[in-house]
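Only one structure is covered here, and it is reproduced in the block below.
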């Protein structure tokens, strides 16, 4: 799977499904579930490492976990899902040269075929343009951008007319820069629909309704493994309770044996 395949999926109106993964087990499960894309996201800071935000994740963390995820794949190379790695906080906000160096390390050192960059501010636009010119495919990410939570919080974006116009303009710019797809996070459904209809590249929604060309979810949220669920992700099972109850049953039975 290559980034260009996702663009072809949009042309064919084929829905794109993506999940996050953080180790070989979650990577293997995602592959066996037949997802199109596996995102090694900086959300692993909270899912795996116990942090309260995504900001502490380092470049070394992303490389380590991306390689772990890829080792879980068992299908032929051409049948494996596309792997996209997040660019951690301050690996692309620090200038074009450093961003190219850090993104290059991800692509060289892992099986990732693209990186994801949050935001579309003028400085970020320059970074994205440079990365793409250097041969590194980029997935954009607008709407709620968790790496900016210290400034904007974690609230829904695009609820005012000015915010909607800003997000629409950002989506158009990201396509012009050459992004192969864009994540739309926590924005109104109809705004996502308008953006989806205006672009030739696919939109991947998380908390952006069902009009997007695809959906991505944090696997731990979907499986109910976290105590705090985002408002836009309804778990399909209460995994934490299920695993806890089953493990407690085993512990109790072993103590009595």
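In case you wondered, yes, glycine gets a Cβ from its N, Cα and C as well.
The Mg(2+) site recorded in Swiss-Prot includes 42, 118, and the single candidate from 5, 86, 189 that the record places there is 86.
Apart from 42, 43, 86, 116, the residues listed for 3-methyl-2-oxobutanoate, the same chain places the Cβ atoms of 20, 39, 40, 41, 44, 54, 57, 62, 85, 87, 88 within 8 Å of the centroid of those Cβ atoms.
In sequence order, 141, 142, 143, 144, 145, 146, 157, 205, 206, 207, 208 are the residues near residue 185 (active site, proton acceptor), counting only same-chain partners six or more apart with C-beta under 8 A. Taking a C-beta cut-off of under 8 Å and a sequence gap of six or more, residue 42 (3-methyl-2-oxobutanoate binding site) has these contacts in its own chain: 54, 57, 62, 86, 88, 89, 146, 147.
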